[in-house]
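Engineer: Copying in the features that TrEMBL gives for the protein in this structure:
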BINDING   K254  ATP binding site
COMPBIAS  17-34  compositional bias 'Basic and acidic residues'
COMPBIAS  80-91  compositional bias 'Basic and acidic residues'
DOMAIN    118-207  domain 'SH2'
DOMAIN    221-498  domain 'Protein kinase'
REGION    1-45  region 'Disordered'
REGION    61-91  region 'Disordered'
Amino acid sequence: MSSKRSKKELQPESTQSDDKDPSTNTAKSEETKTGETIQERNVALDNLAKTPIQLIVQPTPVTPAITPGKPLTPGILNKAESETKNDELKTPKPREQLVEVPSDEVGRVENNIDNIPFYHGFMGRTECEAMLSNHGDFLIRMTEIGKRIAYVISIRWHYQNVHILVKRTKTKKLYWTKKYAFKSVCELIAYHKLNHKPIYENMTLVCGLARHGWQLNNEQVTFNKKLGEGQFGEVHKGQLKTSVFTSPVTVAVKTLHQNHLSANEKILFLKEANVMLTLSHPNVIKFYGVCTMKEPIMIVMEFCDGSSLEDVLLSKESKVPPEDKILYLFHAACGIDYLHGRHVIHRDIAARNCLLNSKKILKISDFGLSVKGVAIKERKGGCLPVKYMAPETLKKGLYSTSSDVYSYGALIYEVYTDGKTPFESCGLRGNELRKAIISKTVQLTIDVEVPTFIQAIFDQSRQYDTDERISSRRIIEIFKEESGVHEIDPNGIFHRFTHIGDVFTKIRNREREAVEVSN
């Protein structure tokens with residue numbers, strides 16, 4: 001077929017787009033703005049962790065760690081970082097003429113972009129750059145520019161990462177980046193790759209990088225019962241189809257509200273998945289993946305059918321047996337210690353964020369406030385769990401593994417008071433309570449009988465000075481020494497502890513012996 005018949009020359013048209021079209025999202029004014037302006041508008045979503053295979057970030061930069069730790073493990077998104085002028089988005093320049101390439105000349109291609117292995121959906125710049133390691137590597141992603149979404153081709157060319165915005169003509173809605181225009185992004189990619197045509201300047205597409213296992217398709221997830229609603233969206237019980245050869249897995253699905261959310265809020269929503277990505281422990285909620293290919297954006301995780309620890313403690317139908325209280329606190333300590341070993345600070349340890357399954361296995365959940373690091377300093381407003389926070393956090397904004405242990409003390413209080421909120425009876429709220437905790441005017445005490453070793457753990461976890469505070473590792477050792485409990489089997493199949501009745505008998509005997517010695 002001759003080029004005269006198959007290709008039509010087009011006058012360059014305005015690239016202003018409608019809101020509903022994913023690639024039409026670069027307003028005409030953006031073409032005349034400087035790279036710095038584009039960078040400023042795009043920084044909220046194009047700032048992801050420099051880790052090999054991840055996806056999520058904190059929207060607001062955090063003050064650097066006080067105590068250096070190990071390098072961050074791969075995650076979905078890590079903290080946002082400012083972009084430089086050298087990292088600006090490459091916007092194709094309008095040419096005197098664009099050449100329209102008809103579909104029959106492109107050949108047979110997949111027209112659903114979701115089915116292209118190297119389309120990664122909603123993804124930020126820094127995260128995708130961590131994946132681009134070899135010359136010619138490329139992927140397609142979706143990002144936000146202002147309040148509009150757009151397709152971007154990210155490519156590694158020699159020693160530079162380049163991000164090319166896919167533009168669209170106004171009248172015919174054709175996609176283009178350099179010289180040739182197409183009816184779909186799929187055709188644009190296929191034509192340039194198969195014919196070795198430059199996609200931008202002299203850059204060609206060599207090797208498309210496939211999605212990872214945790215990057216799920218929306219079609220893999222189905223919703224059932226609505227479980228609740230949060231700041232950014234809803235939580236549903238659902239089913240995840242992992243393979244055509246296996247039965248669907250029952251999961252909990254967090255969905256993001258589709259309307260009226262800024263790019264920063266979307267990143268906050270996905271931040272939880274960033275922390276959970278590399279975690280695997282019987283006492284930590286399991287993470288299956290995220291759906292970012294299209295709306296609604298979702299986080300898919302393990303479903304626990306035993307409710308939250310808070311609900312169990314507050315239940316009027318039945319009281320929690322003493323031996324179960326010990327078991328729950330031990331499981332929580334194991335989960336917290338695992339997080340600290342992975343350099344994760346949870347920052348919101350409380351009974352409401354501990355879930356139970358049908359086997360009474362407790363799992364730490366809700367990583368929306370969690371951060372990776374050994375210690376950080378962060379001051380921010382908003383609704384904070386003051387009643388559970390350590391004095392150094394309330395005073396200076398300091399977070400560490402030690403501040404998690406302080407919150408663990410509040411969890412002990414909740415367990416042994418059958419779900420009462422810390423400082424509930426002191427009559428202070430908000431900033432008044434914050435000042436009282438800092439000045440030691442009020443202190444948390446348990447006014448009911450508890451096992452001696454539990455009281456000792458509580459007292460040591462609530463020390464004002466962080467240097468005198470007990471560690472999560474030492475808490476586990478005390479549980480083993482005093483009650484005979486052991487960690488759950490790594491496969492999560494069964495408990496490896498002494499019969500729970502014997503555990504409580506052992507505790508009573510130890511306390512009786514202690515009384516006899518003192519007399």
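We number each residue from 1, going along the chain as drawn.
Just so you know, glycine gets a Cβ as well, placed from its N, Cα and C.
Are these features on the surface or tucked inside, and what are their neighbours?
Structural biologist: Cβ neighbours within 10 Å of K254 (ATP binding site), excluding its own Cβ and spanning all shown chains: 25.
When DSSP labels each residue, the domain 'SH2' (118-207) comes out as 15 helix, 39 strand, 36 coil, counted as helix, strand and coil in that order.
Averaged across the domain 'Protein kinase' (221-498), the predicted model reaches a pLDDT of 90.
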